[in-house]
Ligand code: ADP
Ligand code: MG
């Protein structure tokens, strides 16, 4: 086989994939296209300048090693940066429909209930003005970049957020999807991006809204027969932030309307920022066409912060509140509350409150009591290994059998049940469940979950399995 840019790059990718986190690989290496090979220089195309800078900053070493393995000591890597913002070039992203036109469009609408004559009042976020219709951004200025501390766990999402706020609609991160578990800073970061954009581009219309509120508004608009106004309103936004899009799952009407709004905004070079508690591959009951759009831009994960980051978040919070606390207490709290920044802050606040109400000094004893309450309240999560063990025991087989490639019905069912419970009882992604239960892919896990749902609705014996196992696995 002759050596081509593609074959060289594929070998590099294989090596890189084995050496970095899957999410990082997906984000930073899958989008790269090998373009040209001449002598010992490989040219690759990257989606943006930010992308190139990120690769240089974080992956230059591994790229060097990989490429030298393929092309020898004198190997060179040449980046080609793809033109950004192809949509925006068609129509500058600063262009907006003048507000006078907006009212004009609305007044044309004849089908308006009498008490709703004033078009400016029909949109939930429109504050009637004399000459201009202004949209309140609903942003919380207390959630900004300055107090969103950086750590390994959020570096990618935070930098991507900064890149977006420097050039809303003008980067390849459109939409920017921020995902991660509860209390890890999704809402804070989403606001911070909006706040920063408002600061840099005061003329832009920015709107923050939770997916839940968006859904409610949509339902209301259907009831009041002004669905078009609803759509029209959202199409005027320059930067739309929708928080917790997982809330849209199963709501096909709202998904449909959001799909149209999204397309309109995206095609006009407007920025969309989304947050979700799951990665796109793990979102269920979201239409495929919408999911595929979520993946157009960048999905950046907020992971659980490491110890150092937890300590600096706490110190920063105390500093801002003007409270002093000994280092050993801060470290004690940071050491014991790991998986949720909101709880971390909650524990510190409760500690301060306890000490001032009871006029007690803040000491390790008090810290222990407070932390214990927080840790107890967070439900213990069972592990996937534990689930596999319980399910195998129940069907009197060993874990290796459960994981094996066999298609024997009772083994397949046991495996599907293990996958179903792993999805239900842990926070692991479909992909990670699959890889831990016999190295299957995420689609297999999704299929297993659906099969278990179906079978337990139709098959009595199977339903009993689910009930028995639920009892055994409850903690
Ligand atoms: P989520 O939306 O992911 O559930 P939030 O954005 O509501 O989480 O964050 C929970 C709390 O943690 C908020 O008070 C937020 O200010 C704080 N927080 C999260 N990440 C950081 C960070 N990197 N630096 C400082 N505070 C943070
Ligand atoms: Mg939130």
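Count begins at 1; order follows the chain as displayed.
Yeah, the Cβs are placed from backbone N, Cα and C, and that goes for glycine too.
In TrEMBL, annotation is done automatically, which means it is predicted and not curated.
Features as listed in TrEMBL:
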{"type": "REGION", "residues": "1-86", "note": "region 'Domain I, interacts with DnaA modulators'"}
{"type": "DOMAIN", "residues": "172-308", "note": "domain 'AAA+ ATPase'"}
{"type": "BINDING", "residues": "183, 185, 186, 187", "note": "ATP binding site"}
{"type": "REGION", "residues": "356-475", "note": "region 'Domain IV, binds dsDNA'"}
{"type": "DOMAIN", "residues": "383-452", "note": "domain 'Chromosomal replication initiator DnaA C-terminal'"}
Which binding-site residues out of 183, 185, 186, 187 lie by ligand 2, going by a Cβ under 6 Å? 186, 187
Taking all protein chains shown into account, the Cβ-based neighbour count within 10 Å for residue 185 (ATP binding site) is 23
The DSSP breakdown of the domain 'AAA+ ATPase' (172-308) into helix, strand and coil residues is 69 helix, 26 strand, 42 coil
Measuring CB to CB from residue 187 (ATP binding site), give everything in the same chain under 8 Å that is also at least six residues away in sequence. 143, 243, 275
For each of 183, 186, count the other CB atoms within 10 A of its CB; which of these binding-site residues has the top count? 186
Just give the helix, strand and coil counts over the domain 'Chromosomal replication initiator DnaA C-terminal' (383-452), going by DSSP. 51 helix, 0 strand, 19 coil
Near the ATP site, what residues other than 183, 185, 186, 187 in the same chain have a C-beta no further than 8 Å from the centroid of the listed C-beta atoms? 180, 182, 184, 188, 189, 275, 302, 341, 342
